[in-house]
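Student: Sending over a structure as structure tokens; questions will come in a sec.
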Amino acid sequence: MSTSKAAELLQKVATYTIKALEFFGDARIVTAVVLLTAFTITLLARLTPMHWGVYLNEFDPYYEYYLSEQLLQHGNGNYFSGVAWWYHWWLENPKPRDTLFWSPEGRDLRGSSQPGPAFFGAGIYSLLNALGFQVSLYDVHAFFVPIAASFAVFTAYLLGKELKDNRTGVLSAVLIALSWAYMYRTNLGAKHEAIAIPFMLLGFYLFLKAYKKNSLLLSVLAGLSLGIVVLSWGAYLYPWNLLALVTLYWLFFHPGDTALEKTYLVTNIIITVFVATTPRFGPTTAFLSLTGFLPLATSLIAIILLTGLRVPSQLHLRQNKKIIALFIVALLALFIAGTYIGIFRGIAGRILAVVIPLAREAGVTTVAEHQVPTWNQVFDDFQTSILFALFAGYIYFTRSREDFTNAFTSLFIFTAAYFSASIVRLLLLLSPAVAVAASLGLMEILDRLADAGTTLERRRTKGSQTNYRLVILLVAIILVLVFSPSILASKIPLNSHQPPLILTSSVPVVRYNYEYMDWMSALNWISENVPRDATIATWWDYGYWISVNTGRKTTCDNATIDTKQIQKIATAFMSDEATALQIFRELNVTYVVIFEPLQSLQLSNGIQVWFTMMHPALGGDMAKSPQMLKWIGRDPKDYIYGYNNGTFAYIQQGSYTIYMILPANTPQALNATLYKMIYARNYKQQVFIFDSFLQMFGGGLQGYHGPTYNIPQLEHFELVYVSEPNGWVKIFKVKG
């Protein structure tokens with residue numbers, strides 16, 4: 001090859017290389033690569049539980065799967081007929097009830113459930129099968145959640161970009177992709193809240209865009225996006241009320257902003273239509289409830305202001321903030337009075353606990369996911385990003401009167417932080433707020449540092465040895481290092497592959513060898529041995545698992561919609577057998593299922609003794625019994641040894657101390673039906689740590705500090721099954 005040709009070839013290679021670098025260095029290409037990478041990582045992480053097989057996770061997804069089955073069944077396999085069946089509820093009287101749940105009265109499926117999971121699950125299943133893909137409805141429900149949740153990467157990007165710039169959008173996408181608080185609730189087989197978060201962020205983005213462009217179309221799209229949130233998520237009240245709050249706040253200072261008034265009215269009308277037409281909520285929630293007060297009040301004020309701008313001689317509200325404030329106060333007083341006398345719908349206990357954390361009824365305090373999160377939990381989930389998010393909230397609030405997006409940002413992060421601090425489950429709600437606000441906070445500081453560096457360089461005197469740019473660069477590096485745990489310390493690599501709870505009998509483990517298959521064993525036994533028309537009594541945590549997986553009726557479940565029936569079950573469990581038998585017969589109960597992950601120690605003589613360990617991962621019915629007692633107004637200290645005085649039973653094993661939850665040595669505890677069932681002797685568990693005969697071994701079990709007694713055997717209940725491999729689930733048949 002001649003020298004000229006070689007030079008020409010090298011020149012072409014260099015030219016193409018430069019063009020390629022320019023192409024891949026383009027901001028749009030870099031953004032697309034980062035977003036696709038974030039989407040791929042978060043999706044694959046959500047799918048890692050496939051290692052254990054395809055299962056629905058936790059409890060509620062089983063009920064959502066059942067709703068999809070019912071929609072297709074009542075539509076005779078036709079999806080649109082099934083959707084029509086759902087809304088035909090309005091014309092049916094009396095409302096049909098499904099006695100598979102909350103037997104014997106049953107549950108009004110459509111009147112007490114979000115339709116979104118059924119609409120999406122059955123819809124995608126029907127579409128895929130119509131296209132020739134032979135998939136099961138169960139698999140669709142399992143896979144749709146992680147796929148839908150992963151799209152939050154793109155909607156977080158859009159919202160972050162709209163609030164500031166492209167950098168903010170990209171960082172928001174990365175943070176939401178790596179948010180454990182978000183992923184934990186939206187991995188393979190999880191609940192369909194996964195639909196709500198991406199559409200909520202999309203709705204916020206479209207609303208802000210509609211306001212900026214004064215676009216009717218974008219306002220409609222914003223309303224439709226948030227309408228999907230209404231269908232899919234019980235916490236739809238948050239975005240519905242947040243938009244109302246932000247709009248009201250802005251109009252208080254800018255009552256002449258007709259663009260916002262029109263945008264909000266169009267968006268809110270569509271959201272309200274979704275609320276009013278959904279059987280679970282209806283017109284009462286939309287127009288005659290405290291939860292719908294703020295959107296209604298804001299809409300009325302927007303209408304009045306629009307009318308006032310057209311007829312200034314009649315309504316002088318444009319500059320009169322006092323009249324707006326008085327109108328809100330008067331309307332709120334009307335709603336409170338109407339709620340008190342029963343005209344308007346009151347606030348459900350869970351919602352009231354979110355708004356007013358001190359107002360917590362027993363039905364709220366006894367549910368683990370309704371507990372108040374600790375600062376450690378919040379920081380563990382979000383790391384330092386929560387600090388940057390709160391900083392952004394403060395900075396943007398100081399500018400909130402001058403810019404609507406600043407008002408939105410500050411109220412978004414502050415309200416999300418407040419509500420999630422009330423109930424631990426709502427850390428899911430905080431995830432997108434922190435992702436966006438923390439990105440804004442970091443970029444705000446970096447921009448200020450850059451501006452400060454430029455200013456200082458301009459002012460630097462000749463001969464000065466201080467390199468301000470280097471100082472600013474070092475500060476920026478330190479700042480990024482402080483922020484980095486939000487990404488690098490994500491718990492996703494460690495925990496994303498946790499097996500589904502039904503496979504581990506509710507024990508949250510990462511390393512697993514199928515050693516806790518007790519619930520799977522019990523459910524299989526029920527399916528094969530319990531009559532189809534049987535009614536099973538159990539504590540509400542396990543209702544969905546039993547009803548959906550076995551087709552047998554249960555008396556209560558995770559919906560906790562009938563307080564009186566839960567109290568009946570609690571009374572039966574915590575009372576003597578005669579009382580329990582009377583209640584169970586009243587409810588037509590023929591079988592009782594209890595769950596207790598008993599642990600054991602082997603004595604030197606080979607005897608294995610069993611006990612209930614005090615451990616957060618082993619939450620069986622013994623640990624739940626104090627909550628049962630709270631449901632019925634009884635004092636747990638009469639039932640649990642050492643309750644409330646710090647003297648729980650324990651055993652010293654070398655340098656280890658094992659604490660236990662054991663029945664108190666009282667007549668109430670020793671005769672409680674639940675405790676008799678938990679400690680019923682069987683071929684697996686024959687000796688318990690509190691058994692009196694152990695005193696024969698040198699004055700008692702060495703190292704054991706706790707009560708000693710004999711729990712009477714059951715008279716009216718027959719133990720018919722002990723689960724494999726650990727005997728954690730026991731099934732009893734009601735005698736007679």
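We number each residue from 1, going along the chain as drawn.
Keep in mind that glycine also has a Cβ here, set from the backbone N, Cα and C atoms.
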Student: With TrEMBL as the source, which of 242-259, 404-421 is set down as transmembrane segment?
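Tutor: When 242-259, 404-421 are checked in TrEMBL, transmembrane segment belongs to 404-421.
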Student: Any residues 6+ beyond the ends of the transmembrane segment (143-160) with a Cβ under 8 Å from its own?
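Tutor: Answer is 31, 35, 38-39, 42-43, 46-47, 54, 61, 120-121, 124, 168-173, 175-177, 182-183, 186-192, 194-195, 197-199, 201-202, 204-205, 208, 432, 435-436, 439-440.
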Student: With DSSP helix as H/G/I and strand as E/B, how many residues of the domain 'STT3/PglB/AglB core' (535-592) fall in helix, strand and coil?
Tutor: 33 helix, 7 strand, 18 coil
Student: With pairs 6 or more apart in sequence, are the transmembrane segment (467-488) and the transmembrane segment (382-397) linked by at least 3 Cβ pairs under 8 Å?
Tutor: yes
